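These notes concern the structure reproduced below.
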């Protein structure tokens, strides 16, 4: 397949005002996408964004480009990524566009597309859009220009959809839940969803100012929610990331429940109910403890490359329904077409109610092996993973760990980082091994 020039593993992403993330490119991208998408269907596209201050800039540029190509635009304003996927389906739009850099800091932003069925855009269509980007922008005739309007009830529609994933004969009454919205796109949605299902909700990270998204809050910064769960004597906590497609949880003891443990809960619940279709897809980063726990229940488990795109591909290939990443991207294809943090939280709460169990009781059978992840920043085109020193350090650590451990080195698909992951039985040993390999990577950068 032809190499993509603009689109990465999750759309286009980068520092605002530099590289690809400029208003000029956003305008041209809107036009190019419009040219490709206008060949069929409804001639309308949905745009949603997270709470970054630069979202206004890119929303306007994309709107102008799409209109110049003759497509009508439906503007959602701040809206979680999975909400854009859902509303793209329900409005029967040609595509959905999300302006977000997910868990990245406010000074980054990104643009990604959903197809008309709410799934990520096919590689072939992205390549068609890239081909159009190489052409000069030519506006359609004035009478063919697209129009734009805001969808005022978008949040309400999505809230009702989320609630519909919880059993109609159950409520969350009696549960105290801390909900961390990461000052992101779920700030006006997630607390309301859980309140309307009956929970006593304490919301944090729910006051976005355009600059504070993911800043010491949310699914990538768990200290605040762990402290709040303990201080408020809450039953559990739910932490979402800036665009709402990731979830991490916290039990009543202030202990983090990650994506691997959430996958375990959902798989076991589905097995108990006789609705588990096949097995579970994790990634190369999934904890070995998940693999072993599912093996004990005769639930098949396979690993994809890192990235929810690859988890989805493997789910479709195997015709399975449940998969995800330890970082909190959870896919349940019986409940949506993309990772949805709010819905994943609802499904865990439903399992708690059905089994009359606490969050810690549901995760107790799964024994997590100590896992250490060290990120090493690098610049330039060279690949430090190809050096003899790094390969030697990795081989030596793997020899010492044996069958009860793993080493994984990989480049991030969204940031200039080398990720060093080491897993084994003994945490101090695992930490020492990870730092040793990370030092070798740093020296090679």
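For all residues, glycine too, the Cβ spot is worked out from N, Cα and C.
These features come from Swiss-Prot:
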{"type": "ACT_SITE", "residues": "102", "note": "active site, phosphoserine intermediate"}
{"type": "BINDING", "residues": "102, 241, 243, 245", "note": "Mg(2+) binding site"}
{"type": "MOD_RES", "residues": "102", "note": "phosphoserine"}
Rounded Cα separation (Å) that holds between residue 241 (Mg(2+) binding site) and residue 102 (active site, phosphoserine intermediate): 7
Separation of alpha carbons, the residue listed as 'active site, phosphoserine intermediate' and residue 245 (Mg(2+) binding site) (Å): 8
Protein Cβ atoms within 10 Å of residue 243 (Mg(2+) binding site), excluding its own: 35
Rounded distance in angstrom between the Cα atoms of residue 243 (Mg(2+) binding site) and the residue listed as 'active site, phosphoserine intermediate': 5
Any further residue of that chain within 8 Å (Cβ to the Cβ centroid of 102, 241, 243, 245) of the recorded Mg(2+) site: 50, 80, 81, 100, 103, 184, 185, 240, 242, 244, 246, 341
Packing count at residue 245 (Mg(2+) binding site) (other Cβ atoms within 10 Å of its Cβ): 32
